[in-house]
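Chemist: Before I ask anything, here is the structure I am working with.
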Amino acid sequence: MKIAVVGATGLVGGEMLKVLEERNFPFDELLLVASAKSAGKKMTFKGKEYTVITLEDTLEAKPDLALFSAGGGTSLEWAPKFSEIGTVVVDNSSAWRMNERIKLIVPEINAGELKIDHRIIANPNCSTIQMVLALAPLHKKYKIKRIVVSTYQSVTGTGKDAVDQLMDERAGKEAKKVYPHPIDMNALPHIDVFLDNDYTKEEMKMVNETRKIFSDDSIGVSATCVRLPVMGGHSESVNVTFEKDFDIAEVKKLLSNTDGVVLQDDPKNNVYPLPLNAHGKDEVFVGRLRRDESHPNSLNMWIVADNLRKGAATNAVQIAEYMVKHSLVHPYGFERA
Ligand code: 2RA
């Protein structure tokens, strides 16, 4: 099995390498791939030194599996070239997520949709992944009618330059501006670009991807996405209305029994999810569970996860693991064009 990490020098790429190592992902050969600008750089994985190569050289090398996190433009251009030669591409960009022929997967929820002819698989947006993972068991039991979500997103979701902007501002240095405003000591209600309906693209990702993952276009989603000077992960305040009524104790039990979800809900002892504690972890943390007393069948919850882990790298590696486990990747001998 030959695997490639495309965008290996980026924040998500670096996290993908950590996750591959921690989970002992099986491979015989690893290709670390980045733009021509970074090609030739040296990187270390499991104590071995690797030279970063270009996409052109990677295509030549015909990997069985490629994890892409190199931006939408790169994915649009290169994912088809790899899929045509038989490589399974797990893509972390937004380029393919809403394409009708492409599956959008959170393994704990809908990995069963994956089939042998799926060569490009989309990894959902970080803020969507953590929300749907926590809502999935509740949707199954009570059926979601409407979600109102406000996010509190980490600068790591933007990338290395944004982390540098925050750190430089904090150190009182001249900062290269990634955001249109200062990020330290601030809250920017602006993630990704503004669209014609005055929502941002990040907000509409939460609307459209949630419906696609749950295969239910009747779910109403209203999102406001906000960037904060936070490093460890994304937080979300979620108000959800169900068709059926629920019992809070049962909600807690359902969440406690959900793979990948950790309940942290003991407000009297100041126990609730925090991005500082979620940092570096793969789980989605849920707390502040309380009935919305202003509306029937409605629940308030606080959901936190490390956006670079379950929100990106871990979810992508889990998709790859599923493909390998179910013989949906063809190591060696796979007939290629
Ligand atoms: C962000 N959702 O946090 C993006 C990263 N994929 O900006």
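The backbone N, Cα and C atoms fix where each Cβ goes, glycine too.
Sharing the feature lines straight out of TrEMBL:
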DOMAIN    2-117  domain 'Semialdehyde dehydrogenase NAD-binding'
BINDING   Thr9, Gly10, Leu11, Val12, Lys37, Ser38, Asn307  NADP(+) binding site
BINDING   Arg97  phosphate binding site
ACT_SITE  Cys126  active site, acyl-thioester intermediate
BINDING   Gln153, Arg227  substrate binding site
ACT_SITE  His234  active site, proton acceptor
Chemist: Taking each of the recorded positions Leu11, Val12, Cys126 in turn and counting other Cβ atoms within 10 Å of its Cβ, which one has the fewest?
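Modeler: Least crowded of the recorded positions Leu11, Val12, Cys126, by Cβ count within 10 Å, is Leu11.
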Chemist: Rounded to an integer, what is the Cα-Cα distance in Å between Asn307 (NADP(+) binding site) and Cys126 (active site, acyl-thioester intermediate)?
Modeler: 5
Chemist: Sort out the sequence-distant neighbours of the residue listed as 'active site, proton acceptor' for me: same chain, 6+ apart, CB within less than 8 Å of its CB, listed by position.
Modeler: Cys126, Ser127, Gln130, Thr151, Tyr152, Gln153, Ser154, Gly157, Pro275, Val304, Ala305, Asn307, Gly311
Chemist: Scan Gly10, Gln153, Arg227 for binding-site residues whose C-beta lands under 6 Å from an atom of ligand 1 and note them, or write none.
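Modeler: Cβ < 6 Å from ligand 1, in sequence order: Gln153.
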Chemist: Considering Cα atoms only, can you say which of Thr9, Val12, Lys37, Arg227 is the nearest neighbour of the residue listed as 'phosphate binding site' among these binding-site residues?
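Modeler: For the residue listed as 'phosphate binding site', the closest Cα among Thr9, Val12, Lys37, Arg227 is found at Val12.
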Chemist: Pick the one among the binding-site residues Lys37, Arg97, Arg227 whose Cβ has the fewest other Cβ atoms within 10 Å in this structure.
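Modeler: Sparsest of the binding-site residues Lys37, Arg97, Arg227 by Cβ contacts within 10 Å: Lys37.
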Chemist: Do you know which of the binding-site residues Gln153, Asn307 has the most other C-beta atoms within 10 angstroms of its C-beta?
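Modeler: Selected residue: Asn307.
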Chemist: Between the binding-site residues Thr9, Leu11, Lys37, Ser38, which lies closest to Arg227 (substrate binding site), Cα to Cα?
Modeler: Leu11
Chemist: Helix, strand or coil for Gln153 (substrate binding site)? Use DSSP.
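Modeler: The three-state answer is strand.
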Chemist: Count the Cβ atoms, other than its own, that fall within 10 Å of the Cβ of Ser38 (NADP(+) binding site), considering every protein chain shown.
Modeler: 17
Chemist: Could you give the number of helix, strand and coil residues in the domain 'Semialdehyde dehydrogenase NAD-binding' (2-117) as assigned by DSSP?
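Modeler: Counting residues by DSSP class gives 39 helix, 29 strand, 48 coil.
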Chemist: With H, G and I counted as helix, E and B as strand and the rest as coil, say where DSSP puts His234 (active site, proton acceptor).
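Modeler: The three-state answer is strand.
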Chemist: What is the total of other Cβ atoms whose distance to the Cβ of Gly10 (NADP(+) binding site) is within 10 Å?
Modeler: 21
